[in-house]
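Participant: Before I ask anything, here is the structure I am working with.
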Amino acid sequence: MQVFAECRGCTDVICCVFLLLAIVGYVAVGIIVGTELVLRSRGVSVCLDLSTAWTHGDPRKVIYPTDSRGEFCGQKGTKNENKPFLFYFNIVKCASPLVLLEFQCPTPQICVEKCPDRYLTYLNARSSRDFEYYKQFCVPGFKDNKGVAEVLRDGDCPAVLIPSKPLARRCFPAIHAHKGVLMVGNETTYEDGHGSRKNITELVEGAKKANGVLEARQLAMRIFEDYTVSWYWIIIGLVIAMVMSLLFIILLRFLAGIMVWVMIIMVILVLGYGIFHCYMEYSRLRGEAGSDVSLVDLGFQTDFRVYLHLRQTWLAFMIILSILEVIIILLLIFLRKRILIAIALIKEASRAVGYVMCSMLYPLVTFFLLCLCIAYWASTAVFLSTSNEAVYKIFDDGPCPLTSKTCNPEIFPSSNESRLCPNARCQFAFYGGESGYHRALLGLQIFNAFMFFWLANFVLALGQVTLAGAFASYYWALRKPDDLPAFPLFSAFGRALRYHTGSLAFGALILAIVQIIRVILEYLDQRLKAAENRFAKYLMTCLKCCFWCLEKFIKFLNRNAYIMIAIYGTNFCTSARNAFFLLMRNIIRVAVLDKVTDFLFLLGKLLIVGSVGILAFFFFTHRIRIVQDTAPPLNYYWVPILTVIIGSYLIAHGFFSVYGMCVDTLFLCFCE
């Protein structure tokens with residue numbers, strides 16, 4: 001058997017060269033971006049004319065809000081350093097969640113030290129001692145040498161100040177909720193310092209739109225508070241999940257058959273207890289006031305604890321768990337013979353993992369490399385998305401033919417446009433541009449996403465070939481462990497990089513092309529949602545479905561092709577062809593054994609996740625008397641529980657993915 005012979009040669013060299021060139025270009029982009037950031041942080045202007053480079057990127061546009069002059073609020077080293085908040089003259093025109101993004105309102109905006117804390121009108125403030133306080137919310141350099149009508153017409157000062165609170169560095173009206181009801185009506189009034197009552201019914205529209213923002217902020221703050229008091233308990237739960245996963249895999253080596261059946265029985269019992277608990281809660285709520293309200297009538301509530309007081313919620317949970325229980329039992333009945341074969345395969349995989357124990361730690365290497373890819377992609381995407389220039393447009397509340405046209409704020413006051421529309425003003429609108437570079441930004445973002453998919457798939461492929469090479473060396477060793485390399489995992493890793501980088505890049509490239517096409521289809525689908533063309537929607541749905549299926553098939557084929565590369569050292573196309581025909585000749589075994597082992601591994605994940613999840617549920621709901629006083633008080637106890645469940649699943653998936661690769665490798669070797 002020529003599994004790891006000395007005659008191995010480099011495969012798919014052309015793809016290796018293409019990958020290296022792409023990485024060099026990608027790194028060059030990052031160096032330009034990084035140099036730009038360093039120079040700007042030191043106050044050095046970049047004068048290089050690199051029209052196709054990322055020198056226009058500025059992440060400050062994401063961090064700091066921008067006033068009507070395009071200047072950042074709260075940035076160190078600028079005149080607005082001590083003015084971190086953005087104040088809107090007329091909040092009604094921009095009381096929308098979109099204000100939290102790059103959306104700019106058609107109203108003057110200035111940077112202020114703090115948001116208004118009282119109700120004042122310009123007319124009353126001008127003739128009182130509050131005028132000095134009021135002037136800090138006027139445009140910079142405001143001089144009191146105009147009449148009231150001229151000041152309001154020119155947008156030098158806001159017509160009214162309303163008590164506000166900062167949200168995402170923007171000043172929003174301090175609208176409060178009382179007993180779950182937003183206290184704003186058609187005749188909402190405030191009282192100023194002189195005791196006069198001011199009708200501000202125009203705030204109703206803004207209040208309704210801001211309600212969603214306020215509820216989202218309240219929900220986010222409560223979730224953040226829960227994390228601050230429970231983060232160490234969450235870490236303890238994840239450590240317990242890791243210990244359980246490792247212990248489970250160690251026991252599989254010695255007690256594979258017993259552990260599999262124990263795992264099956266435990267999953268059935270855990271689901272059975274979940275059904276029993278849901279039924280008890282459903283029975284307990286019988287007769288309680290308000291418990292028979294339907295989920296549809298209740299609608300969406302930010303306080304998710306409300307749903308737990310409804311009988312319909314527990315009934316839905318009970319039905320879902322019952323269906324899952326029945327499906328598992330039926331699968332066990334019809335696949336009982338195949339399960340015995342799968343258990344034998346798992347036993348052999350347990351021995352292989354026992355000889356290559358360091359393979360359990362390799363998912364950490366993959367995770368680290370994927371984090372590097374994500375970080376590089378995200379930083380490049382931020383610089384690309386912030387590489388636009390400030391665009392100024394003409395705003396006028398009256399009928400002006402020049403409204404929404406671009407303008408230059410420095411020369412606008414003395415321009416013909418200003419004389420044509422005396423009440424118009426030239427202010428910052430958004431970040432954009434009309435040059436060739438700015439028109440190419442979408443293409444650059446697509447290239448950035450494509451490189452991310454290519455590199456991420458290459459990292460995953462490298463992990464699969466490394467693990468397959470290590471486990472294949474175990475299978476083909478005549479005398480175990482004497483014929484095994486001293487370090488099977490490191491040997492397989494070295495062979496993959498030395499000989500098969502091109503093959504890995506080839507497989508990753510094919511998958512990346514399909515994935516970027518799916519991204520483009522999703523983008524086009526979002527753009528075409530407003531269209532009423534049924535044929536276009538049908539065609540888009542079919543294309544999305546076809547490429548989803550194609551991606552799943554390519555992932556399956558690539559996985560088996562990488563195993564053949566690790567065994568024989570052939571190029572990607574030859575390995576994919578051999579793997580495909582080998583699987584077709586054993587299609588029944590593949591369809592049954594592969595899915596049965598996947599099902600058993602899924603049960604193992606559910607057992608670990610369910611055990612840790614139930615433990616977290618009893619702990620955070622103060623139902624364990626021994627540590628009842630230790631559990632932290634929470635706004636939503638589902639926050640740490642859900643975090644522990646998701647984290648436990650990811651940890652268990654990392655351990656079992658190694659087992660899955662071992663089973664697939666041994667199965668292909670057996671078929672050979």
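Placement of Cβ uses the backbone N, Cα and C atoms for every residue, glycine included.
I grabbed these lines from TrEMBL:
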- 12-33: transmembrane segment (TRANSMEM)
- 231-251: transmembrane segment (TRANSMEM)
- 258-276: transmembrane segment (TRANSMEM)
- 314-335: transmembrane segment (TRANSMEM)
- 355-378: transmembrane segment (TRANSMEM)
- 451-478: transmembrane segment (TRANSMEM)
- 499-520: transmembrane segment (TRANSMEM)
- 561-580: transmembrane segment (TRANSMEM)
- 600-622: transmembrane segment (TRANSMEM)
- 634-656: transmembrane segment (TRANSMEM)
Participant: What residues in the same chain, six or more past the boundaries of the transmembrane segment (600-622), come closer than 8 Å to it by Cβ-Cβ distance?
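Facilitator: Result: 230, 233, 237, 240-241, 244-245, 248, 260, 263-264, 266-267, 270-271, 273-274, 328, 339, 342-343, 346, 628, 631-632, 634, 637, 640-641, 644-645, 648-649, 652-653, 656, 659-660.
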Participant: Hey, which of 314-335, 451-478, 634-656 has the most Cβ-Cβ pairs under 8 Å against the transmembrane segment (231-251)?
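Facilitator: The stretch with the most close Cβ contacts to the transmembrane segment (231-251) is 634-656.
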Participant: Tell me if the transmembrane segment (499-520) touches the transmembrane segment (451-478). I count contact as 3 or more CB pairs below 8 A, with pairs 6 or more residues apart.
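Facilitator: The answer is yes, given that the two segments have at least 3 Cβ pairs within the 8 Å cut-off.
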Participant: Verify whether three or more Cβ pairs under 8 angstroms connect the transmembrane segment (258-276) with the transmembrane segment (314-335), leaving out any pair fewer than 6 apart in sequence.
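Facilitator: They are in contact.
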Participant: Quickly jot the same-chain residues contacting the transmembrane segment (634-656) by Cβ under 8 Å, restricted to those at least six beyond its ends, or write none.
Facilitator: 222-223, 225-227, 229-230, 233-234, 237-238, 241-242, 245-246, 248-249, 303-305, 360, 363, 367, 601, 604-605, 608-609, 612-613, 616-617, 620-621
